[in-house]
Structures are given as structure tokens and as C-alpha cells.
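Colleague: Below you will find the structure I want to go over with you.
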């Protein structure tokens, strides 16, 4: 009789230990649902120094960023985010930020905003799980202050964007309304593992499949879509995955995703650099500031050089 009792006690201890480990890890998990705090409304704290009515941009690039990513923002300002004309079309770049509890970081961003005039900010905690709020803030800004933009791109701070090739493809596409493109995700499912960065509970999203959406690393849409998404977003249940949330809005609007080109141009997984390859892509992920500067310089230095036909 002693052996079964000891075995039962051993099993109970194992179960108890597993439960203790689970809850201790959950309390330390930075991606649990309780880790994000958001406000659905609020005034803009910072607005960029630009007037779209006087000089309507062809392409507005909205870059999600955080207070600690100054090096990333500076590298972007010196490369693909520099305000300039491409094929006679004006491009403008703006950075999307929330707020931080650090007084020093707040002051630094205030000074940066005064110097560059390219920061859009609202009063919500700047954490990963508020990326939907950050993205919708940018879309709201286009809706309210820059509806004249022909196209909008939402992207991230660790991206290489070939704005020259993107502009060329958009001009060839000749689409001005209800257009949305990027790295298409057409058959994605919610991740239910609590320790995943992309965990979504049944209470947050009860369905078993996501609608078609584009990877949040970089997607492009015609200017009219900004106002349509902003208006319909008020009736769409909030989900912390911003690319999925935008996909839900597009589903409500019956806007279908389209390929930008017959060949792949968006690379959310990263790529090995070569001048000829990067001339024919639109977006590449996992690019550090120093690397971005090096890639950009290599592309600038090779202007006029021929590449083998694809």
C-alpha cells in the first residue's frame, strides 16, 4: 500500500510544481494580455510640421518607432526617409510614437521633434501590444491632416525601403482607389500558446482563422483607404496585432489585397544584401541602423551601373 501512496504523492508534487512554474513564468511574461494599456481616443501630443494642402505628397511613409530608437530614426532620415522627389513625385516620412514614463526620454523626443518636425504622437503607453493604437494614430493623421496623399506606407524602424522602386511600381500600377498591397498573408491562424509574442486569447479573437492581411513590416495603400479604415475601425473589435486589425477593417470594407508585382518585392524575413537584388525589392526586414547606412551608400555609389537581366 505504501508504494501507490508514494506514487500518488509524487504525481501531486509534479503537478503542483508544474503549476507553480506556469504561473511564475506567466507573471514574468512580457507579452501577456495584461501588459498593454491603451486609450481609444485622445488628442495628438505632437504633429509634424507639414501642410499637405499646399504640397500634396505622392507617398507618405508612416514608421512605427519607440523612444529608444533614435539611432534607427536618424539612419532612416539619412536614407530612404529623407524628404525628396522621386520621378517627380514628393515623398514624406513621419515617425509614430506613444508615451513613456521616462522623463529623460520624453525630453529627448521633445527636442528631436522640434529639430526635425516629423513626429506624430498621442498619449498611450509605448509598448508592443499598443501597436494597433500606434498604427491607427498614423492612419487617423492621414485621414484628418493629409487626405491629399496619393499613397501611404506603414512600416517599421528596422526596415530597408526602396522608395525609388516602390514609386516606380505604384506609377505603373496606376491604381488610385481601394488599393492595398504588401506581403500577403491569406491563410493565417491565431496562436493560442500563452508564451508566444503573438498570443491571442479566445476572448480577444474567438474565431479560428484570420481574414487576409498584409505583414505589418510594410504595407502600402491608396490614400482613400486611410479614411475608410479609420471610419470603419470604430466598429471593429480591438485586437492587439495591428496587421490583423487592419485586415479586419479591410474585410468590413470588402477591399481585397493585391500583389504589387509579379515577382516578390516585400521580404518580412530579411535578405542577404546585393546591389542588384536590393534594386528590385521594396521592403526588407531586420536591418540595423549602421547596416542601413552601408546598404544605402552602396546603392548610391552604384547608380548608373547595369545589373544582369532578371
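These residue numbers are counts, starting from 1, taken along the chain as shown.
Glycine residues also receive a Cβ, built from the backbone N, Cα and C atoms like all the rest.
The topological domain 'Cytoplasmic' annotation in Swiss-Prot covers 1-7. Annotation source Swiss-Prot lists transmembrane segment at 8-28. The topological domain 'Lumenal' annotation in Swiss-Prot covers 29-310. Here Swiss-Prot flags 130, 174, 231 as N-linked glycosylation site, drawing on sequence analysis.
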Colleague: Which one of the glycosylation sites (130, 174, 231) has its C-beta surrounded by the most other C-beta atoms within 10 angstroms?
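Modeller: The residue with the most neighbouring Cβ atoms within 10 Å is 130.
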Colleague: What mean pLDDT score does the topological domain 'Cytoplasmic' (1-7) have in the model?
Modeller: 54
Colleague: Tell me, by DSSP, whether residue 130 (N-linked glycosylation site) is helix, strand or coil?
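Modeller: Residue 130 (N-linked glycosylation site) sits in a helix per DSSP.
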Colleague: Measuring Cα to Cα, how many angstrom lie between residue 130 (N-linked glycosylation site) and residue 231 (N-linked glycosylation site)?
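Modeller: Residue 130 (N-linked glycosylation site) and residue 231 (N-linked glycosylation site) have their Cα atoms 19 Å apart.
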Colleague: Any idea what DSSP makes of residue 174 (N-linked glycosylation site), helix, strand or coil?
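Modeller: The three-state answer is coil.
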Colleague: In terms of DSSP three-state secondary structure, what is the assignment for residue 231 (N-linked glycosylation site)?
Modeller: helix
